[in-house]
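One structure is given here, and the rest of the page talks about it.
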Ligand SMILES: NC(=O)CC[C@H](N)C(=O)O
């Protein structure tokens, strides 16, 4: 047990009974969430502000975190994770840094723990699957009650928490001739930037707007975006996407959007044991054989054996473990990716997904 001699103490308690002491940073207090890990070596500002991470405590496996401070590379307006777990926090040194990682987390009241053997935590998660955890930071170690944290972790059920909330909309950007409506379940800014860069006029709308309001904008294309939580619990979201697909407007589904498309057309989505979170995941495009290194952040995946009879066909597959990473439809102007073609953070190898969507939109619904 490591109780720091100076500075705040912190405890990460996992549902399986593991209690880890470390040094606290960021905001004081206690947060509960699903504990997940990312193998990304950099891009922590983008990751921490990715709304898909809502309800989750993020473990970064890269050993040193914080060295380039906090540049203004955000995917949404605030930190979205419930807590941050790292091996070592470093002093920032970078011309684009506006403050330290510690100051940023402190300002937003998000607890962080350092001095953790993150490899041991990851081995536990990989062995037993993702599990709930509670993270507490306090000036005085005596104020932390590990038993209470374990109880809080045991009571937390990520599957049933409603985490979906629009992160950007409503807003219109870009001046292009073709109009794309982005359905916001917790959209990443990077997706919108990629669309604006392709000369679209882009309107981001909260998913709660419904089909009628979306169609009243007369979209030439629709993007069903990323977002947090369990897609199978989002009945209204699935219903909305079914309606969107019924209009025949060219549609791009990204991450949560890809999963909702699958559910809307009758396929199945399963929870993965510990998910894919990283920025160097190899994905094969089955239409060409082309390989891309891609960014992932997903804890659920579409079951490829459930595509029969839905009209959906596999388009992208993860080379490491065979996970279905994207789909097309036999008749509809539809393209989906489980990975993040915008990177943010990460490589842009697969940004041609946006080019292909643009071609679909320009073709006016004929694929
Ligand atoms: N990035 C996303 O859109 C994530 C989708 C979903 N919440 C998952 O974890 O699989």
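Each Cβ is built from the backbone N, Cα and C atoms, and glycine gets one as well.
Listed features, source TrEMBL:
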type     : residues                              : note
REGION   : 1-178                                 : region 'CPSase'
DOMAIN   : 8-136                                 : domain 'Carbamoyl-phosphate synthase small subunit N-terminal'
BINDING  : 52, 227, 229, 256, 259, 297, 299, 300 : L-glutamine binding site
ACT_SITE : 255                                   : active site, nucleophile
ACT_SITE : 340                                   : active site
ACT_SITE : 342                                   : active site
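Taking a C-beta cut-off of under 8 angstroms and a sequence separation of 6 or more, residue 340 (active site) has the following same-chain neighbours: 188, 190, 191, 226, 254, 255, 294, 295, 296, 297, 346. Counting in whole angstrom, residue 229 (L-glutamine binding site) lies 20 from residue 342 (active site) by their C-alpha atoms. Highlighted here are the recorded positions (52, 299, 340, 342) whose C-beta falls below 6 Å from ligand 1: 52, 299, in sequence order. Recorded residues residue 342 (active site) and residue 259 (L-glutamine binding site) have their alpha carbons 17 Å apart, per Cα-Cα distance. A sphere of 10 angstroms centred on the C-beta of residue 229 (L-glutamine binding site) encloses 26 other C-beta atoms. Here residue 256 (L-glutamine binding site) comes close to 52, 185, 186, 224, 225, 226, 227, 228, 229, 231: these same-chain residues lie at least six apart in sequence, with C-beta atoms under 8 angstroms from its C-beta. When the binding-site residues 227, 299 are compared by the number of other CB atoms within 10 angstroms of each CB, 299 has the fewest. Following the DSSP three-state reduction, the secondary structure of residue 297 (L-glutamine binding site) is strand. Per-residue pLDDT, averaged along the domain 'Carbamoyl-phosphate synthase small subunit N-terminal' (8-136), amounts to 97 for this model.
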